[in-house]
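Swiss-Prot annotations:
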DISULFID  CYS88-CYS170  disulfide bond
TOPO_DOM  1-17  topological domain 'Extracellular'
TOPO_DOM  41-51  topological domain 'Cytoplasmic'
TOPO_DOM  75-88  topological domain 'Extracellular'
TOPO_DOM  110-130  topological domain 'Cytoplasmic'
TOPO_DOM  152-188  topological domain 'Extracellular'
TOPO_DOM  210-235  topological domain 'Cytoplasmic'
TOPO_DOM  257-262  topological domain 'Extracellular'
TOPO_DOM  284-308  topological domain 'Cytoplasmic'
TRANSMEM  18-40  transmembrane segment
TRANSMEM  52-74  transmembrane segment
TRANSMEM  89-109  transmembrane segment
TRANSMEM  131-151  transmembrane segment
TRANSMEM  189-209  transmembrane segment
TRANSMEM  236-256  transmembrane segment
TRANSMEM  263-283  transmembrane segment
Amino acid sequence: MPTLSFWVCSATPVSPGFFALILLVFVTSIASNVVKIILIHIDSRLHTPMYFLLSQLSLRDILYISTIVPKMLVDQVMSQRAISFAGCTAQHFLYLTLAGAEFFLLGLMSCDRYVAICNPLHYPDLMSRKICWLIVAAAWLGGSIDGFLLTPVTMQFPFCASREINHFFCEVPALLKLSCTDTSAYETAMYVCCIMMLLIPFSVISGSYTRILITVYRMSEAEGRRKAVATCSSHMVVVSLFYGAAMYTYVLPHSYHTPEQDKAVSAFYTILTPMLNPLIYSLRNKDVTGALQKVVGRCVSSGKVTTF
């Protein structure tokens with residue numbers, strides 16, 4: 001089976017400081033997302049459609065960062081930079097599936113905010129448990145279609161050029177540069193596919209938030225307006241970070257960015273974004289911070305009783 005070797009940001013091993021930074025980001029991302037899932041599960045105040053969808057977003061972030069970072073860290077420790085063809089295919093498929101699922105989930109989450117703010121009286125019926133699970137299933141289905149469509153085609157190209165992927169994981173643009181055949185037709189098809197993958201959820205987000213802004217503008221109570229803006233602003237920040245980086249990589253023509261810039265942007269939305277998401281959603285959310293304080297208080301009280 002062919003073996004593909006890859007670089008991690010450069011042809012030389014990364015410094016211990018950079019390795020420690022990536023490890024810290026990875027551990028922080030896993031821990032913060034796990035804590036958020038646990039809080040949403042154990043605190044009855046967080047048993048709402050919005051927090052259920054946030055827990056699903058955290059689950060995807062855990063899987064997303066775990067697809068790439070552990071392999072990169074192990075390679076640094078073992079001083080090896082090789083990945084098998086099967087391993088590269090699996091990483092490629094999981095990356096596309098999870099990224100696509102996150103695109104669709106972020107888009108559908110805006111519908112939840114639209115219903116909560118614009119149709120609050122019908123919110124329990126329109127965002128029932130069944131509807132929430134359908135949203136989750138639709139996001140997974142959309143991501144899986146992306147993975148199943150693009151992965152077989154990408155990996156069937158003959159890699160008869162250099163075996164070194166100028167990237168830190170098996171991302172599509174970096175893999176296509178290794179092919180010795182003409183991939184222009186496929187790149188055009190992939191470009192159209194990516195446009196649709198981004199445009200459909202983004203259109204849903206734009207439509208939802210346009211209606212939300214109109215509703216917020218018409219609100220007479222300042223407190224209700226402030227709460228609505230605070231609830232939606234966190235989601236918009238996450239959408240801007242994730243969609244912005246993805247559009248730069250897959251929509252902007254390759255002539256406008258270098259491989260080094262591609263690696264930097266990819267590191268941002270594959271490594272940093274999963275860590276930032278729970279922080280962005282939690283730091284400004286009184287319900288989540290209140291639930292965390294409640295759990296910490298219980299742990300401290302339990303420790304004092306045990307010690308006594």
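For all residues, glycine too, the Cβ spot is worked out from N, Cα and C.
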Disulfide-bonded residues compared (CYS88, CYS170) - the one with the fewest other Cβ atoms within 10 Å: CYS88
The topological domain 'Cytoplasmic' (210-235) - residue tally per DSSP class, helix then strand then coil: 23 helix, 0 strand, 3 coil
Candidate ranges 18-40, 52-74, 131-151, 236-256, 263-283 - greatest C-beta contact count to the transmembrane segment (89-109) (under 8 angstroms): 131-151
Contact ranking winner - 52-74, 236-256, 263-283 against the transmembrane segment (18-40), Cβ under 8 Å: 52-74
For the topological domain 'Extracellular' (257-262), residues assigned helix / strand / coil by DSSP: 4 helix, 0 strand, 2 coil
Long-range environment of the topological domain 'Cytoplasmic' (110-130) - Cβ separation under 8 angstroms, sequence gap at least 6: 49-50, 52-53, 204-205, 208-209, 211-212, 215-216, 228, 231-232, 235, 239
DSSP helix/strand/coil residue counts for the topological domain 'Cytoplasmic' (41-51): 8 helix, 0 strand, 3 coil
Sequence-remote partners of the topological domain 'Extracellular' (257-262) [C-beta within less than 8 Å, at least six residues beyond its ends]: 166-167, 171, 173-174, 248-249
Residues from the same chain, set at least six apart from the ends of the topological domain 'Cytoplasmic' (41-51), whose C-beta lies under 8 A from its own: 109, 112-113, 116, 123, 127, 131-132, 231, 287-288, 290-291, 294-295
